[in-house]
There are 2 protein chains.
Amino acid sequence: MQSAISLSLHSPSPVARSAIRYSSDACLPTPRSLRFCGLRREAFDLKASVDASSLRIARLNLHSKRSNLSKVFAALKGNGAPSSGGFDYDLVIIGAGVGGHGAALHAVEKGLKTAIIEGDVVGGTCVNRGCVPSKALLAVSGRMRELQNEHHMKSFGLQVAAAGYDRQGVADHANNLASKIRNNLTNSLKALGVDILTGVGTILGPQKLKYGKGDSGDQVITAKDIIIATGSVPLVPKGIEVDGKSVITSDHALKLEFVPEWIAIVGSGYIGLEFSDITPAKDGKPVQIELIDAKTKEPKDTLEVDAALIATGRAPFTQGLGLENINVQTQRGFVPVDERMRVIDANGKLVPHLYCIGDANGKMMLAHAASAQGISVVEQVSGNDHVLNHLSIPAACFTHPEISMVGLTEPQAREKAEKEGFEVSIAKTSFKANTKALAENEGEGLAKLIYRPDNGEILGVHIFGLHAADLIHEASNAIAMGTSIQDIKFAVHAHPTLSEVLDELFKSAKVKVSTSNTVAKPVPA
Amino acid sequence: MQSAISLSLHSPSPVARSAIRYSSDACLPTPRSLRFCGLRREAFDLKASVDASSLRIARLNLHSKRSNLSKVFAALKGNGAPSSGGFDYDLVIIGAGVGGHGAALHAVEKGLKTAIIEGDVVGGTCVNRGCVPSKALLAVSGRMRELQNEHHMKSFGLQVAAAGYDRQGVADHANNLASKIRNNLTNSLKALGVDILTGVGTILGPQKLKYGKGDSGDQVITAKDIIIATGSVPLVPKGIEVDGKSVITSDHALKLEFVPEWIAIVGSGYIGLEFSDITPAKDGKPVQIELIDAKTKEPKDTLEVDAALIATGRAPFTQGLGLENINVQTQRGFVPVDERMRVIDANGKLVPHLYCIGDANGKMMLAHAASAQGISVVEQVSGNDHVLNHLSIPAACFTHPEISMVGLTEPQAREKAEKEGFEVSIAKTSFKANTKALAENEGEGLAKLIYRPDNGEILGVHIFGLHAADLIHEASNAIAMGTSIQDIKFAVHAHPTLSEVLDELFKSAKVKVSTSNTVAKPVPA
């Protein structure tokens with residue numbers, strides 16, 4: 001664990017401060033995802049949902065050669081036919097966060113009888129304490145920032161006489177969003193017939209587990225396959241007392257009942273100040289933060305702030321899982337898995353029919369990565385071998401402007417190139433000459449492409465600029481599909497759009513192989 | 001020409017009205033594009049530009065087997081070595097709008113000695129009178145709309161006491177943007193060594209043309225290949241008197257010196273009112289619009305407004321081109337071309353070494369289509385056969401929220417399916433359950449996928465919602481690359497992003513073939 005921690009203090013106007021706090025919160029190492037695939041209609045209209053799921057089941061039967069009728073019936077009744085092989089379920093997922101939810105949806109689509117065990121709230125950190133409410137707050141802060149930036153507004157010819165905000169209104173927007181999405185999720189799982197089992201899930205042995213309060217009332221069930229999807233919790237370094245009011249983690253940040261005038265954001269980094277102790281505010285006294293020199297361990301200063309947000313990372317949550325019952329030892333807290341998310345025991349052997357996805361395995365602590373891993377596991381247990389290419393998974397940070405990335409960083413690419421003996425090239429384009437960005441007075445930003453000039457392979461793309469979190473998908477799709485630069489550079493982009501930044505990026509790369517002709521198709525008559 | 005014209009009247013508050021006017025203007029049948037590929041550095045930093053172009057030239061030489069040194073030298077001096085075959089230029093482009101500019105850039109990259117003839121202003125309609133200034137105005141109107149929508153702001157917990165705008169400030173933002181981009185364009189052409197020839201370009205015969213004022217001072221030049229890229233102008237139906245002040249086209253709309261209280265927007269459509277005559281405002285009297293019943297031709301009503309915007313389409317501009325000298329007859333004003341943009345003469349034969357791109361050929365009146373056609377022609381004259389797939393070219397309309405599309409519409413797909421004997425399926429997803437859209441209070445919107453369930457081919461995608469103009473590129477790239485749904489559905493999308501609407505769209509499609517394994521790659525060590 002990293003013990004040297006950087007400390008940043010912010011003291012602008014109250015509103016700007018709140019924006020900073022939430023931005024930073026959104027940049028915790030766990031941007032998280034909630035896959036809604038095929039959920040919307042289910043959540044909003046039960047009838048449509050049943051139709052949709054039965055149609056899917058029907059389609060799948062073309063391959064599985066099992067009876068359409070029984071599957072459709074099963075889809076209407078619950079989720080798939082009774083488990084084959086005498087198990088209570090084909091698949092039991094421990095944890096109904098983003099990863100578990102994505103896996104459950106795909107399992108139903110594949111006709112698996114599925115249950116999900118949740119010991120807290122459906123939606124997990126992402127929906128309830130993470131990216132969902134924080135995005136609501138970011139939307140507010142973005143608008144507030146603009147309203148208060150007189151120079152920016154004037155450059156558009158706009159005048160704003162007075163702008164304020166209502167703390168409760170802002171908080172309501174975030175809470176309403178979280179609650180709406182949590183309900184959508186729960187309803188959709190129910191509509192698709194996934195059994196939601198309440199309590200802590202504990203693995204008793206291969207293909208066997210229990211759930212409940214951890215007492216004699218627990219129910220024992222069997223499953224052909226089990227997925228651990230228990231996620232993570234905020235990591236609080238030793239010596240910090242979190243009171244949830246003045247010294248908080250991201251779990252509390254979204255529920256703060258006051259707007260602190262001064263807030264310290266404590267995040268990991270490499271600055272030469274080590275932070276050792278935080279005392280919460282008490283009896284009218286402020287939060288005390290002692291700063292110690294990282295090298296000499298000498299005290300340097302004491303800071304007094306109204307609140308401190310501890311954003312020093314996240315730790316896997318595996319409490320009560322019963323890993324000891326199957327001889328699995330965590331590594332730095334994480335459940336060890338192979339590239340197919342199969343759990344590895346203390347002897348280095350695969351635990352049969354046990355998988356772990358998402359933050360708990362530590363492979364890539366992003367919600368949409370958890371969901372993708374879940375889908376990959378379901379593909380496998382349905383008989384299709386599948387290995388997820390993590391280098392094609394995009395990541396986004398919802399700062400202003402946004403940051404996004406996919407694949408390797410430049411140092412990673414150069415290290416790989418050194419090892420495997422190929423050349424690495426870099427291309428860059430700017431938002432400064434993008435018509436749409438300039439029209440919006442948002443010309444700050446750039447995009448960077450890391451690639452192999454010998455064969456046009458895209459190794460990584462990094463974007464910093466307006467809508468970067470959306471723009472990255474052209475690049476991540478290209479990596480996922482193995483599309484080379486000499487092909488994608490001929491894909492036409494609408495004008496005037498921000499996506500032209502990517503178009504220019506691909507066009508400006510210098511690939512040594514000829515243009516492929518995959519995009520040169522005759523115009524249909 | 002369509003003579004039945006619909007008429008819509010708008011009379012909300014001054015600001016909302018100006019927003020409507022510009023939105024509508026942006027939706028003229030000619031959203032236009034300006035390709036900046038590789039321009040930015042050239043425009044902002046001459047040294048970098050020369051490096052970039054010389055590097056490109058050097059790369060191309062690996063294939064062309066011509067001397068690296070002479071090409072690099074040429075790139076530093078001007079644009080490519082002297083034309084082979086005794087011509088003054090390898091390529092002469094008539095028209096420095098978006099199409100001509102895109103073609104010129106690619107020609108320099110290919111090492112062609114290139115000239116561009118411009119009779120008006122560099123950048124053409126798009127930069128000077130079209131999408132560029134209109135996007136600046138749309139950015140303003142979007143912010144103004146939000147400021148004035150009290151309910152919307154309150155839902156975020158925000159309060160705005162008073163908001164106004166300054167007409168001149170708004171106009172300045174638009175004019176500054178147009179002028180900035182026009183200058184970038186001109187500088188970049190110069191920096192890459194493209195000769196900018198001023199005047200009207202007239203074709204005298206195969207590979208021979210002149211430019212100038214159309215008098216005895218005209219200069220005659222020869223070119224191995226010639227591209228017509230003269231674009232289009234607003235189409236004004238007979239009987240309408242455009243004075244540029246109260247009765248205007250898009251050419252004037254962006255320079256209006258007052259904000260009309262009532263404006264009529266006259267656009268083509270299929271509503272049963274035929275419009276016959278507009279009399280401009282004069283001597284304090286308003287603009288008079290006579291409305292006539294389309295069937296009976298009986299007068300129905302007379303409207304009086306402060307201004308009327310004539311948005312009834314655009315007509316190709318081919319004046320002074322000298323098409324008669326090469327026996328080419330326009331068809332409904334358009335220059336006839338084949339699928340490789342080669343000009344066809346009155347006898348149905350190809351005119352050697354003559355191409356026409358962009359609005360003047362009428363294939364797809366979009367600026368980025370013109371640019372793509374230009375790039376395709378340059379590929380051809382450089383020895384690489386290339387046919388542009390117009391079904392992979394996206395289009396966007398910058399309304400609030402935006403609209404975008406690529407490929408076939410549902411009726412077009414069904415007609416094709418009928419003819420060729422395949423099945424068509426439709427999938428739809430909504431912005432209503434997209435976390436990012438909801439966080440922004442922008443849940444209005446949907447995406448539609450038209451596809452072949454038998455093989456997973458994407459036939460068309462239509463999006464209406466926040467950032468639709470950017471989001472469409474995942475779909476247009478997929479069509480361009482021939483990526484099937486069963487592959488792209490496994491591409492991972494960052495959460496919470498608007499792009500997840502597309503993710504869900506692909507995932508909800510019901511394709512009858514098995515998942516391909518192109519995306520299942522082992523994780524690199």
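Our numbering is plain: 1 for the first residue shown, then up by one each step along the chain.
Keep in mind that glycine also has a Cβ here, set from the backbone N, Cα and C atoms.
B:G201 is the residue from B:G164, B:G169, B:G199, B:G201 that TrEMBL records in the FAD site together with B:K135, B:T230, B:G231, B:S232, B:D359, B:M365, B:L366, B:A367, B:H368. Among the candidates B:C37, B:C131, the disulfide partner that TrEMBL records for B:C126 is B:C131. In the domain 'Pyridine nucleotide-disulphide oxidoreductase dimerisation' (B:393-504), the DSSP tally of helix, strand and coil residues is 42 helix, 29 strand, 41 coil. With an 8 Å limit on C-beta distances, the recorded positions from B:T230, B:A367, B:H495 that reach chain A are B:A367, B:H495. According to DSSP, B:G267 (NAD(+) binding site) is assigned to a strand segment.
Note: B:H495 (active site, proton acceptor) has non-local neighbours B:T435, i.e. same-chain residues 6+ apart with C-beta under 8 A of its own C-beta. Cα of B:K135 (FAD binding site) to Cα of B:G313 (NAD(+) binding site): a span of 19 Å.
Counting every protein chain shown, the Cβ of B:C126 (disulfide bond) has 33 other Cβ atoms within 10 Å. Confidence for the domain 'Pyridine nucleotide-disulphide oxidoreductase dimerisation' (B:393-504), expressed as mean pLDDT, is 96.
Taking every protein chain shown into account, B:C131, B:M365 are the recorded positions, and of these the Cβ with the most other Cβ atoms within 10 Å belongs to B:C131.
DSSP assigns B:T230 (FAD binding site) to coil in the three-state reduction, outside any helix or strand. Cβ neighbour count within 10 Å across all protein chains ranks B:T230 highest among the binding-site residues B:T230, B:S232. The CA atom of B:A367 (FAD binding site) is located 15 Å away from the CA atom of B:G313 (NAD(+) binding site). Applying DSSP to the domain 'FAD/NAD(P)-binding' (B:296-374) sorts its residues as follows: 16 helix, 28 strand, 35 coil.
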